[in-house]
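Here is the structure we will look at.
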Amino acid sequence: MAPINTIDWIGMVGPYVVFFGMLIVYYVWEGKREQRLRKRYTEERHGE
Amino acid sequence: MASDAIAGSASVWVLGTFAVYLLVLIGIGLYTSRFMDSVGDYVIGGRQIGPVVTGFSERASEMSGWLTLGVPADAYGTGIMAFLNGLGMIPADLFSWAAIAKRLRKYTELVRSVTLPTFFAHRLGDDTGRVKGVSAVVLMLFEGGYVGAQIVAAGTLLQILTGIEPLVGIVVGGVIVIGYTFLGGYFAVAWSDYFQGTIILMAFIVLPIIAFIDIGLPFEALAQNGSSLTSITAGATGWAAAFGIISYAAIGLGVPGNPHIMVRFMGIDRVKNVRLAALVAQLFMFVAYIGAAFVGLYALAVFGGGTIENGDAVMPMLTLNLLPDVLAGIVLAAALAAMMSSADSQLLVATSAVVEDVYHGFFDRDATQAQLVRYSRYVTLGLGVASVAFAVLARNTPIYTLVLDYAWGGLGAAIGPTIIATLWWKRVTAEGSIASMIVGTVTMILWTQLPTVLEAVGLMPAESAGFWYGLVTVYGLFPAFVLSVLTLVIVSLFTSPPDGVDERFATFDKPLSAVLSEDDSPEYATDGGAVAASTASDPKVITEADNVRNHVAAVAAENTTVDAGQPAVTGEHHEHADLSVFPPAITREMVTNESTGRVIAVAYPHRVYETETDVDRPFMSSYTDDHVVSVDCSRRLAVRADMIPETGGQTVSDVIVLPSELDQRQADEKARSQAFKWTLRTSVLADVPETEITRVVDAYKLYWVVERPSGAVIIDSIQGTERTLDGCELHS
């Protein structure tokens, strides 16, 4: 018998997989957000 | 017993390397301290810390005690459920990077705060000292808990290496920590945390790999030691399992309230680095949490379950067992150095909270420097001794629990909700924040003792009671955080928030680059040094925009230039004035194009000092703490600068020259007083240090008042930051 059943495997590995996905989403989203803010700020600043 | 087989039998190579590593570290620390400005410069590093170091050190500051010894011990005791230590921590850390880091960085830049108590006081508009006082007491209590836990950890390491009694190990560990702090904390040089953190992280990678090569995955061995060890709920079901998982997840609630993490956020240098630093910190966490859990699991596989009485010993024991002697000595020495470095800075944080924020800020605003120096020594010693006593009393409590219950959780419940609210909720009030801190602290302390108390009075629910048993034994941070948040919201809604919050929140919607300088090293950057709070000349206002508003008189004066319908800026208006100025990075021409009206210059008188503070150290040669203090003579503020800027004579047109509100003697005194405070925060001083002013530069800093379609703004000509001037309109 396998020492760890499927649910325990999922409980052990699952959160880290999800968190890794969240990290990638954050990294991409934060970059775009900063770009967007910078663009909007530049436009406001120059009254365009 | 397996522990006896190893404890105290570390080979001469291990002990030799251990000793040599520590001696080399002290030597390097002593040598480099002659060239470094101060340990304090590292605290937020003049906001010049790069992304990798920022991200790494944000996490490495936790490598001492809890993660190094505590999490492996947890894994040794509970099995694979220890992987859930990352369940709350990793997403909470990501949330903090995403939702707190930039806002905190922007806001603390604006109000020039370097410590959380001063940030809270500014943001909540509290000039009574209550917010500062309560947050300082919270810091003192729980940073003291941290010091106690580090001392237990240091004692455990010494015990494993030399075989001395645990009690002796703790007392020796405590003496080392206190002595080390009094000697000046030589390990706390810039690269130290980073360096120790790297070594321990490498150990968490290498130890499981070596063990894997030897015995494969540990799960088979775990199953032989008990089926609960291979269960993600440690064999619990129903409510017990649910509350177990909640407890692990709730650890993450502590992230926003722990100052050593928030301080890293304040120190970030550039906009794009926030994202990269977050990435580094998160990857660090993945490796550290998985590695630490595997170290505990492999200890189970190698030594067998239940054979090691003190779970905190499993990491050093596995290190001694698997690594070559020399490497084991280095890893364990790095762990001890990291613990001492953390304990040293935690002891100093607690000391400055007591002496500066509570005593000086609250009870005796006229305390002399000699008194502050003397009391700092007493308080450091007193808190150190109290921490040793706490460590002795709690020596049988696992380090894991000690940190979570008496340090991490308390800070998380008391400070965390206020941090989040001050950055995200305009309605939060000083009263709400104070109530939340008190409720968070009290709940955390009481909940931790709840099972013991209920047991004593015979009211402890039986394990079979499911929900009630789970609730009583759940990690206290969960209920404490919830109650702290509820208190903060309810009390805030019944009280009035400070004025001017809208404007400051508007800053959050700008890119960080609009608030910070775009340059790598701005010519004249201030790092947000603590505002000088001399009673003789208290800082007048917080921001330049506030200052201009303060100069807007009720009656239009003859030399009116800025007009909001009726009011006008006082100060002397000149069509042309020959001034010594800090050359603007943002020139008048650059802002003229974007103005719909005329651009007016406002000149702020500054005196910038280069100071040398001689610090005597017991048993060691004295060292010199160099500072550059920039005194804004109009606002009566003293802040830290990176360097004395260049100055040059210029003819400035259409300029309002603001008057100095400090004479030369007062400005000198303010600079000396500020240099003293910075030094006091970073060292235990033997005597009042002499501060010599080695250079002074007088010059004006220019601000441009520019009219835009959306309203007037005032632009810092050096850093390019800008603030709105509500209600002011310029006449062309």
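The backbone N, Cα and C atoms fix where each Cβ goes, glycine too.
Model, not experiment: these values are computed from the prediction.
Annotated transmembrane segment per TrEMBL: B:12-32, B:75-100, B:137-161, B:167-187, B:199-219, B:231-255, B:276-301, B:313-338, B:375-394, B:406-425, B:432-454, B:466-494, in sequence order.
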Do the transmembrane segment (B:375-394) and the transmembrane segment (B:137-161) share at least 3 Cβ pairs under 8 Å, sequence separation 6 or more?
-> yes
Top partner of the transmembrane segment (B:406-425) among B:199-219, B:231-255, B:313-338, B:432-454 - counted as Cβ pairs under 8 Å | B:432-454
Six or more residues out from either end of the transmembrane segment (B:137-161), which same-chain residues have a Cβ under 8 Å from its Cβ atoms?
-> 3, 6-8, 10, 14-15, 18, 64-66, 68-69, 116-117, 169-174, 176-177, 259, 310, 312-313, 316-317, 320, 332, 335-336, 339-340, 342-343, 346-347, 349-350, 353-354, 358, 383-384, 386-388, 390-391, 394-395, 397, 399, 402-403, 406-408, 410-411, 414-415, 437, 440-441
Considering only the recorded stretches B:231-255, B:313-338, B:432-454, B:466-494, state which has the highest number of Cβ pairs under 8 Å to the transmembrane segment (B:199-219).
-> B:313-338
Any chance the transmembrane segment (B:231-255) and the transmembrane segment (B:466-494) are in contact, meaning at least three CB pairs closer than 8 A with a sequence separation of 6+?
-> yes
Considering only the recorded stretches B:75-100, B:313-338, B:466-494, state which has the highest number of Cβ pairs under 8 Å to the transmembrane segment (B:276-301).
-> B:75-100
Hey, which bits of the same chain come close to the transmembrane segment (B:466-494), Cβ under 8 Å, at least six residues off its ends?
-> 238-240, 242-244, 246-248, 250-251, 253-254, 404-405, 408-410, 412-414, 416-418, 421, 425, 427-429, 431-433, 435-437, 439-440, 443-444, 447-448, 450-451, 454, 460
